Each structure stands twice: as C-alpha cells, then as structure tokens.
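Peer 1: Submitted below is the structure of interest, expressed as structure tokens.
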Amino acid sequence: MKSGFVSIIGRPSTGKSTLLNSICGHQISITSSTPQTTRNKIKGIFTDKRGQIIFIDTPGFHLSKKNFNIALMNNVYSAIIETELIIYVIDIQDQPGTEENEILTIIQRSKINFIVAINKIDIHKTKEKEIMTFLEEKKIQKNKIIKISAEKQINIETMKDKIYENLNEGPLYYPKEYYTDQKINLRISEIIRGVTIKKLKEELPYSIYTEIEILEDRENKFFIKANIIVAGESQKGIIVGKGGKGIKSIGEESRKIISKILEKKCNLFLQVKLRKNWNKNAKLIKNLIN
C-alpha cells in the first residue's frame, strides 16, 4: 500500500482547487475564476485499494510585496516542504512568464519530485506550444508532464496513476471514509465566502472574510449564524444588494451546499459586519490563513 502528502501549486486561477475537488470527489476547496480565492492550505484525502493520497491545495502563486500576498506565499512555501510530491498546475491558456520561472526554480531547488499538469485542455484557444517550449527549455522531462481537464474529468484517472507511481509504501494516515481534515466551522465559513465571491464576481475578493458565530446541532437540523466581514462601509451595500436581494441570494445558495455536505437541513442566518481596514491587520491576516 502506498501513501503520501502531495502539494498542488501554481499561479492564481489555473484550476488547482478544481483538480483537488475532482480527484477527491467532493467540494473541499473553493473554486472561482477570481484570483487567489484559496487562502489556507486545504487538505483533501483520496483513498482507494492502492493506498491514500493527502493533497494540500495552496493559494495561487503571485509575486507581490503586499502583506496579504506575502502571508499567502508563506503558506505555499510551507506546503512544498511538507510534501513528497508536488503537482505544478499550468493553465493551458496562459503565456509562461516570470511567475512560471519562479515556481519552477523553487520546485527544482527543493529537490522534491514533481509532476507538471497542463490543465484546461478542453479549451480551444491555447498557449500549448509556448508552454511545451518553456518546459523543454527548463529541461523538464516529458514523462513528468500530463495534460488534463480537471473540470471535464479528462485524464484524471491517469493523473491518479501517475501520483501513485511517485509515492512510497506507507500507512493510511486517515480513516478510509475521510475526504478532508477541515473542521466543520472552517468548511462552512469557506462555503459562505466562496458563494459570496461567486455572486460578487471580482468586486471584493480580498476585502471579505467570514466567521461562524453560532453552530448548533438542533435535533433535525443545524442552526448557523455567520458574519460576512468587510473592510469598508461601501462594501456592505454591495453584499446586501438592493432590497436585501444580494445577501438573500448568498444565503440561499450557501444553505443548499451546506445541507448537502452536512447531510442535514440547516437554518442559516447571515449578517454583514464592518471591521474597518481589517485587511491591513497583520495579526488578523496571519490567523485567517493559518
């Protein structure tokens, strides 16, 4: 039996979280076209007769000197050194540039085994030729490259085979039925944040976080009270929407997803609260992403 820890890294919006969810068969990590939706190191667990793979989904790799981005990048670096295998996800639509160079340099210096997953091969307009030239120049062997579509489930089984080929014999670190080690509070909080980001498109990606105030299991249903925290007064109105339609829509979609995951009905009450300039508070940022 084989087992091991595998980190998933890449630029923002390359499909890292979609790949994690696709392999594990559950919604574990937020998926969105908005860059850097993932903030924490999210663990997804896949177990079959061959063994167990523990995936660590990381924030999108982005070169920036802002406190928030520096904190996110620290999560990426720590994930790399904790794992036996790295999956480097490249979006087939993206022209390779400075960040690809930096990511590959970090991977190669780490001396950790890796796979390059070229994602979104179902899309017609691509930079495949440029990507393959870039990888060839970096002396990446072809047997380390796999072309996939995480969303369309193309070559995902082949991907699993390739991962197991690169893992050593080892024990099951988690019970077979586990597909994540996230605490329920964090999962619910992340679902609400993900739905909010989806509804708002790219208006407030860095300016919100969510917190669970009350989570109670009351006989036949869960009672949940949660807060969506914003950094500026004007942002409250964007989330609440005209006549409260925005917050209502966020609540309805979040409730459906939470009920499905918890396998029980839930009452979800959402509030939008202002914590001025929270995204400039280094201590709070550290707590949120660790």
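The backbone N, Cα and C atoms fix where each Cβ goes, glycine too.
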Peer 1: According to Swiss-Prot, which of these ranges is region 'G2': 36-40, 166-170, 201-205, 276-280?
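Peer 2: Comparing 36-40, 166-170, 201-205, 276-280 with Swiss-Prot, region 'G2' matches 36-40.
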Peer 1: Among 119-122, 123-126, 155-158, 187-190, indicate the range for which Swiss-Prot gives the feature region 'G4'.
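Peer 2: Result: 119-122 is the stretch Swiss-Prot calls region 'G4'.
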Peer 1: Looking at the ranges 57-60, 217-220, 241-244, which is given as region 'G3' in Swiss-Prot?
Peer 2: 57-60
Peer 1: Among Ser13, Thr58, the binding-site residues in question, whose Cβ has the most other Cβ atoms within 10 Å in this structure?
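Peer 2: Answer returned by the neighbour count: Thr58.
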Peer 1: Note down the number of other Cβ atoms within 10 Å of the Cβ of Lys16 (GTP binding site), including every protein chain shown.
Peer 2: 32
Peer 1: According to DSSP, folded down to helix, strand and coil, what is Lys16 (GTP binding site)?
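Peer 2: Going by the DSSP assignment, Lys16 (GTP binding site) falls within a helical segment, counted as helix.
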Peer 1: When DSSP states are grouped into helix, strand and coil, how many residues of the domain 'KH type-2' (200-276) land in each?
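Peer 2: Reading the DSSP string over the domain 'KH type-2' (200-276) gives 30 helix, 31 strand, 16 coil.
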Peer 1: If you average per-residue pLDDT over the region 'G3' (57-60), what number do you get?
Peer 2: 70
